[in-house]
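Taken from TrEMBL, the feature transmembrane segment covers 29-47, 68-88, 100-122, 143-164, 176-196, 208-231, 251-273, 294-319, 354-377, 398-417, 455-476, 527-550 (among others).
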């Protein structure tokens, strides 16, 4: 398969019939309004329950008493935005099922957070993920990480609110600014008043709505075209069922390796170190509940991915039997699904309203998580360290004001998005660009004991520069081709009025037949490798700067902030190998100490051994034993 070339058959020709913009029935409006009312009611319930007695811990961390089930569904809903609901079926409809292999990356993308990031974060009893950066490095690194995250989310959340509302307005005639204002205000109110507990439980409700909305489309659509078996046959006949593409070229947009392994880094940036997800892990009742919630997300993610792919296949089979109109054929990719749903469900009152409720549930869950996480990091990382004299009541009130303030900022960003035009594509892509460097910063601190604060700051800056260089370069190259097909690794959604082409990594791209050369070849790196490339840049540059500036010499290293990768791997070896490595490590350690500090060895060996034993004592609840040889190896690496 060539770069960016679809080998499937062309899309069905449009019919000559025109399509009048679909309108909602009374039942549809009732279903949609019911979603907003129930979401608001859940938030107000948790706000009124114990009003006046709320603490900052209850508001931001749900008092750390959440169980596995609601946390798992909230983790699923947080980044299952309306963009994904519209984007995945559109990708399958246009390019086939190759994207389905992304599900393979979910295994490592959730297993690593469950056994690496969650234990470290949970045992440090954090509120903000960026507290870890101060414990591992210093306050300056913490502030850099926090500011980067705030920039990422503020730019992103307005677009998440505006873009789906614009697509919905184009297809259904649903008032654009009425939907934007309604979503923004409802979300701001229940997030500010109810806190994290309200956000999690509304996420549970909205996840069920998303599931029902997509399931209704699959059932009705497959029934109209003759069943799922017929859908699969039609897709196979027209080349929409993709095989395994084993091309290792990272510049090919979608291959097995890109989806299965490049997707792992994308998942880690979302489920490993993003504050919106970390906050949910830390709100769990126990560490075991946090790990189980991460496990529970895996099958849920697979179901969501399968449903999105099935909608794309059903849509393809449907339009083989019922040719699309000229208006539909000329629609932007993000509008395909909405046109299909309105066409499919137009004779079934209530179901179009259910799907729109599903779409807006995706927006609500993502935006509310953004508000809550932004309020948390602003309060914990930027305000409380500088104003520790705030009382519990003052801190709680200020947190509510911050959450509501970010809601108003989101509405402002949505308004700005309406005037950005082509620049909007850069705003949307920033979310993906920043995730990789932040992942690299946390990995640098957690896996490399020699990394120091200067290395962390310079590494983060290098990662961000690399991310924006490649990301913006890809967008500018795509914009330069203007009317030509979009860049093979960007994603284009054509929006009406003053918005032209918007490149979005979460929606799927057009294709191009020409292969870029020179520096433009670098810009054609598959978007799924962005996180891996940028996080690796942070780690490599951070390590080089750390070694050049003396590592951690003269600085205090908190052993609880380090994840012992080498000891964990060696623990998987047979016991005989562990004993050999244990003896060799001990002898090398003693000979090194004798050579470097001969004057101290005679009278300080006992004290040094006691110090090592003290540092090797595991935290409460840890499965390690103090007698294990892995602790000596850990000390050697430190």
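Glycine residues also receive a Cβ, built from the backbone N, Cα and C atoms like all the rest.
When Cβ-Cβ distances below 8 Å are used as the criterion, the transmembrane segment (208-231) is approached by residues 35, 77, 80, 85, 303, 307-308, 310-311, 313-318, 320-321, 340-341, 344-345, 348, 351, 354-355, 357-359, 361-362 of the same chain, each at least six residues removed from its ends. Outside the transmembrane segment (527-550) by six or more residues, the chain places 102, 250, 253-254, 258-259, 261-266, 268-269, 432-433, 435-437, 439-441, 443-444, 448, 450-452, 454-456, 458-460, 462-464, 466-467, 470-471, 489-491, 505 with a CB less than 8 A from a CB of the stretch.
Within the same chain, the transmembrane segment (176-196) packs against the transmembrane segment (354-377): three or more Cβ pairs sit under 8 Å, each pair at least 6 residues apart.
Counting C-beta pairs under 8 angstroms (sequence separation of 6 or more), the transmembrane segment (294-319) fails to reach the transmembrane segment (455-476), with fewer than 3 such pairs. Taking Cβ pairs closer than 8 Å, the transmembrane segment (354-377) reaches residues 24, 28, 31-32, 34-36, 39, 60, 74, 77-86, 127-130, 146, 149-150, 153-154, 156-157, 160-161, 164-165, 168, 172, 174, 179, 183-184, 186-188, 190-192, 195-196, 199, 202-203, 206-207, 209-210, 212-214, 216-217, 274-276, 279, 338, 341, 345, 399, 402-403, 406-407, 410 in its own chain, all 6 or more past its ends.
When Cβ-Cβ distances below 8 Å are used as the criterion, the transmembrane segment (251-273) is approached by residues 1, 3-4, 75, 79, 95, 98-99, 101-102, 104-106, 108-110, 112-113, 116-117, 129, 244-245, 294, 297, 432, 435-436, 438-439, 442, 488-489, 509, 521, 524-532, 535 of the same chain, each at least six residues removed from its ends. Non-local neighbours of the transmembrane segment (68-88) in the same chain are 99, 160, 163-164, 167, 199-201, 203-204, 206-207, 210, 214, 270-271, 276-277, 280-281, 283-284, 289-290, 292-294, 296-297, 300-301, 304-305, 308-309, 311-312, 333-338, 358-363, 365-366, 369, 491, 504, 506-508; each lies 6+ residues outside the stretch with a CB under 8 Å from one of its CB atoms.
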